[in-house]
Each structure stands twice: as C-alpha cells, then as structure tokens.
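Worksheet: the structure to be examined is printed underneath.
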Amino acid sequence: GWVMLQNLPSVVAALALCPPPGSRVLDMCAAPGGKTTLLAQIMGNLGEIVALDRSHAKVSEIRSLTGEMGATCVEDGEGSPRPAPSFPPEYFDHILLDAPCSALGLRPRLQQQSSAAYLRQCGAAQRRLGDAAVRLLRTGGSLVYSTCTINP
C-alpha cells in the first residue's frame with residue numbers, strides 16, 4: 001500500500017472502533033473507502049470487512065481504493081446501505097456507521113438552502129441505518145456512529 005491522507009475525524013472513527021485481527025466488521029456508508037482501508041490496516045488484513053454503499057459508482061470507489069492500498073480482507077457490496085436482509089442478525093463483531101447527513105457542519109451556507117423536509121429525510125435515513133446496525137451487531141460487539149452534522 002501507499003500513504004493516504006485522511007482528515008482527523010475519519011481516523012478517530014476507525015481508531016475508536018479498533019477491531020482486532022480476525023474480526024467480522026461492517027463499514028456502512030463506506031465510500032470512498034478511507035476508513036475501510038484504515039480498518040484493514042488496524043486488523044492486519046486478518047478477518048473480514050464488508051464495505052457497503054448505495055450506488056455502483058461509490059462501490060467502485062471503494063474497490064479502487066482498497067485495491068490500491070492492499071486491503072485484501074475487504075469485500076464490497078452495493079445496493080442499499082441498509083444491509084439487514086443480506087446478513088443474519090448479530091452477524092458482525094464491529095460496525096462503523098458514518099451516517100449520511102445534511103453536511104451543514106461542513107458547509108454552513110447549506111442551511112439557507114436546506115428545507116425542513118430535507119432535514120427530516122436525513123434524520124429518517126440515519127434512524128433506518130442505525131436500526132439496521134443494531135440488528136446486525138452481535139451481543140457484546142461495538143458500534144461507532146459518526147456524522148459530520150448534528151442538526152438542532
């Protein structure tokens with residue numbers, strides 16, 4: 001692999017999860033794959049990381065980056081980032097959910113353009129993803145939930 005720059009919150013999310021080698025990990029909403037590759041490095045490429053995102057283009061980004069970085073324990077998936085039907089309950093030891101959000105924390109000017117309906121949609125999507133994560137996490141496992149914005 002090569003060196004890849006990441007912003008501090010991304011690194012902190014992966015380090016907070018800190019899955020040991022041999023773990024079964026789900027990275028929900030994983031594109032472009034930076035946190036996924038860091039998780040693979042933390043695990044020494046030993047175990048299984050399933051990296052999901054909702055679109056073919058985003059999954060292609062994950063494939064490309066994990067390939068470039070030598071993250072061989074990563075399997076990608078596409079389709080809904082709500083993978084509950086794809087895996088049995090309590091399948092994963094560790095889950096990273098970097099939930100999609102309004103991005104108001106990153107781009108405050110969006111507040112002028114964001115409608116209440118859009119913000120409700122973001123919240124509803126986060127709840128659906130969170131519910132799926134809880135169902136998929138084994139008892140005693142760890143879940144790291146991160147998002148760039150918490151709206152009032």
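Cβ coordinates come from backbone N, Cα and C, glycine included.
Of the listed candidates (ASP93, ASP98), TrEMBL assigns ASP98 to the same S-adenosyl-L-methionine site as CYS29, ALA30, ALA31, PRO32, GLY33, GLY34, LYS35, ASP53. Taking the mean position of the Cβ atoms of CYS29, ALA30, ALA31, PRO32, GLY33, GLY34, LYS35, ASP53, ASP98 as the S-adenosyl-L-methionine site, the remaining residues of that chain whose Cβ falls within 8 Å of it are ASP27, THR36, ALA51, LYS58, GLU61, ILE62. The Cβ of ASP98 (S-adenosyl-L-methionine binding site) has SER10, ALA13, MET28, CYS29, ALA30, LYS35, SER146, THR147 as same-chain neighbours under 8 Å, each 6 or more residues away in sequence.
DSSP assigns ASP98 (S-adenosyl-L-methionine binding site) to a strand in the three-state reduction.
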